[in-house]
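Per TrEMBL, these features apply:
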type     : residues : note
REGION   : 1-21     : region 'Disordered'
DOMAIN   : 48-122   : domain 'Cation-transporting P-type ATPase N-terminal'
TRANSMEM : 105-125  : transmembrane segment
TRANSMEM : 145-167  : transmembrane segment
TRANSMEM : 319-342  : transmembrane segment
TRANSMEM : 367-393  : transmembrane segment
TRANSMEM : 880-898  : transmembrane segment
TRANSMEM : 918-936  : transmembrane segment
TRANSMEM : 956-976  : transmembrane segment
Amino acid sequence: MANNIVDHPPGNSVAEGNHDGDFGVSMEDLKNIMELRSSEAVTMIQEKFGDVQSICRRLKTSPIEGLSGNPVDLEKRHATFGKNLIPPKKAKTFLQLVWEALQDVTLIILEVAAIISLGLSFYHPPGGDACGQAAGGVEDEGEAQAGWIEGAAILFSVIIVVLVTAFNDWSKEKQFRGLQSRIEQEQKFTVIRKGQVIQIPVAEIVVGDIAQIKYGDLLPADGILIQGNDLKIDESSLTGESDHVRKSLEKDPMLLSGTHVMEGSGRMVVSAVGLNSQTGIIFTLLGASEHDEEKKVKKSKKRKPGLCSKKTHSNVSSLCLFSTGLFMSAMTVIILILYFVINTFLVQNLSWVAECTPIYIQYFVKFFIIGVTVLVVAVPEGLPLAVTISLAYSVKKMMKDNNLVRHLDACETMGNATAICSDKTGTLTMNRMTVVQAYIGDTHYKTVPEPEAIKPETLEMLVNSISINSAYTTKILPPEKEGGLPRHVGNKTECALLGLVLGLKRDYQPIRDEIPEEMLYKVYTFNSSRKSMSTVLKNADGGFRMYSKGASEIVLRKCSHILDAQGQPRVFKMKDRDEMVRKVIEPMACDGLRTICVAYRDFPAEAGEPNWDNENDILDNLTCIVVVGIEDPVRPEVPEAIAKCQRAGIDVRMVTGDNINTARAIATKCGILQPGEEFLCLEGKEFNQQIRNDKGEVEQERLDKVWPKLRVLARSSPTDKHTLVKGIIDSTVGETRQVVAVTGDGTNDGPALKKADVGFAMGIAGTDVAKEASDIILTDDNFTSIVKAVMWGRNVYDSISKFLQFQLTVNVVAVIVAFTGACITQDSPLKAVQMLWVNLIMDTLASLALATEPPTESLLLRRPYGRDKPLISRTMMKNILGHAVFQLIIIFTLLFAGEVLFDIDSGRNAPLHSPPSEHYTIVFNVFVMMQLFNEINARKIHGERNVFEGIYRNPIFCSVVLGTFALQIIIVQFGGKPFSCTALTIDQWLWCIFIGIGELLWGQVSLFPVKSDCVGGGGRCGGKKGLLRAAVMFPSQPLPWQLLLHMKAVSNKV
């Protein structure tokens, strides 16, 4: 028999089997079989077991009824054959993350310098005067004895930095593992238990389960084929061979986990799961070299990416900030040392005395710490954290909006999308199909006809054809709630046809019971090239009957006869077909209906058995039974969603396999096509004619003339979809390069989903192959969820841009103040511990505040950012430089005239171990107050005046600002020597706050217009992976490499 089935005895061996006894086959036996291929495997099965049926008996399962689902039996199978789980790599402990955080070069330098400073602070030379000013200047002996506090405070600050960094890494690791767990829970597979077809989580599959496999599945376990229809498997993930392997009982029944079903359907008995499957064995082998890989990763972490290699317009300054900071840090140390040496040994004319050496070294260490402080503040360490917080926050929220994000960078990229190529069925429409028109017996019925209106012979043929020539897994079940709609399970088009059978007051199930799947002689399953499905039955007289269904114009082209009003076949000529297309199919399609033709063909016994492999001859000379019009209503929320996309500057294109008239009608209802606009609607054939040259090669120049106006591509193949997506992405016409999002549900959509900047797979109708190739899974298959993804993507980009604007302002001001102050006053106005507070606490809190702003509808009122624009826009650069200039003027005024303005003692040129001064405390406090109020300014990056708009919608931001202010009060009033602060009076505090509020006023003054450097005035731009790349470019605190590798591992595993 051509459809590959095994005989099986009556009865259910599951229910009757004695599960207390041992299984008749060991795990090693099954593993040995699964390592064989093709004829070798068939021979081994025959020699060792007899046949596949014998293996089923030994595993105590029934090929028809499956397992009983008895918990005791399932537990025993877990114990004997293992669970269908591949244990994830063990998470790093908190102590390991602490150790990794300690590897940061800047922190190591600070630690060493602090330890040296701490050790030398306990040394006091016997003759202080001999060391000149270096040893003098302290107010009292107690202050000199407290010199150790600065070194201890730096060490304590480093410990805080390390603990916070480790905690951030730990929380990020936890979030990503939670995401991985969520994705794994979403994966389910179809098995037969107690004779019922059910879906269970992949992790619950056990050896002995009877699994149903179909086109598009990703096999979750190893198995042996029991019954197959036209089954072809892509084993390239395991073997590297790209050719699809045909599976059959006679030639190659071995099915391997991790492989994809590209065509056909069937059933298999699960023979190996988890670590014992072929995929699991490979994972085990990879695990053996894991230690070596970790060493390589550690080495790669030491090699920083080229700091100035990505020079794009106005973001050169940000990407090269570390290099600038390193240069200024070195210059600071050199200038301080030279000034000290010249002043001490030339101006004061002192000689180097041995007992003064520790004092001099303390000064050199102090200068070194100042230099490291400049380096620390030069690098925006909070940027990677802001990226991670924003992405993690968005991913979590996007799950509630039916977007399951598999690749994190897809969040950011979606905000830049300029084009969306969408499927029609299920995405733009409800995917609840109903037959509403029919042409049968030479009559066009505008509603489903009564069964009495159809000849009994024709009705019988129609009901049998639909019942048998549909996947037996497709069913219509009673509604879950009384008064609800019947549940459609399986292929929605087939559900519509089965609904027609029920509407004709007939039942399909008795026919399927009479002709079970095992009796189907040959099945030509649906695929994108056939666009039809055919099933062959063997008649009692030795002849064959084949039922077919598919796209009406394709199946009608193969029809030579049609059933007339009397139920008799009559000749169906080309002119008859053209007339039917004109009078029946086109009017149906213009009403937005999908047209399906149902036909049959008889093969007489006397002609002998046909060559079933010759499809062109087999699928010909058909007799048309009926042409039906299937309605799939447009989702009511889709037209508004598409209008939002168009307002946001995103072009929506429909790419479908349907008839062009159907596609045009649906596109008009959705709003993709607007009346009076000159847009193209093409069929796949015409599309290829316009974009290919005489040699059949795609030319980008030709494609560039088509895609800008193309809105509907009908009767398209997956190759057409991939060609269109690739052409739009590669195109250089227009103001900006295109960023393309694509939706897909079929196995052959995989290449287009992978090629797209963002690939959306359907969570309900999508195949496992499509989901694996995608970046985001739409759990509700709804186009409106894509619009929400656009909104979240833009919000991610905006949030990080806000933080970047704030952070770079802090860094620019702090570097210049520390460098200039150190060179002029021989000391940094902002001490090392103070800068660690600003750099760590304010970075961490600011990233939390600015990276968690919720999205608003206003994000969809501007055009996309484009692919190749700079990360920092002109508006952002103006804000950064404008606020930096304002802050520098204030800080330098206070630094060099603050003692006069506040009538206090000067803090400049203070000797070693001198007590904290009010002067420098005010400078530090004003600096922090200005950053605090500039954080409010940073909430708006497009020149908006009302910076407080929506502030109460973000309680995290309000909490961070108030919390930072409270901590600053504690540090200034009670920080003392460790923070180099002295308590301020109420008047001084009010002046500090007043100067800080000046930041808000300056922000309003500086809002002069700037020519936009983005399409539509977006104000900031970036392409795929832009922010992640930019984050990695700052190497002081790079986005943790172990996290990036883990993200990649999660994506690959999913």
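Cβ from N, Cα, C; glycine included.
Predicted automatically and left uncurated, TrEMBL annotations should be read as such.
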Contact set, same chain, for the transmembrane segment (918-936): CB under 8 Å, 6 or more residues outside the stretch: 806, 809-810, 813-814, 817, 829-831, 834, 838, 842, 846, 849-850, 883, 887, 890-891, 894-895, 898-899, 902, 904-908, 947-948, 951, 961, 964-965, 968, 972, 980-982, 984, 988-989, 991-993, 995-1000, 1003
Secondary structure composition of the domain 'Cation-transporting P-type ATPase N-terminal' (48-122) [DSSP: H/G/I, E/B, coil]: 43 helix, 3 strand, 29 coil
Surrounding residues of the transmembrane segment (880-898) on its own chain - C-beta under 8 Å, 6+ positions past either end: 805, 808-809, 812-813, 816-817, 820-821, 825, 829, 872, 904, 908, 919, 922-923, 926-927, 930, 934, 937, 995, 998-999, 1002-1003, 1006
PLDDT averaged over the residues of the domain 'Cation-transporting P-type ATPase N-terminal' (48-122): 80
Positions whose Cβ lies under 8 angstroms from the transmembrane segment (956-976), at least six residues beyond its ends: 837, 841-842, 845-846, 848-850, 852-853, 916, 921, 924-925, 928-929, 932, 935-936, 939, 982-984
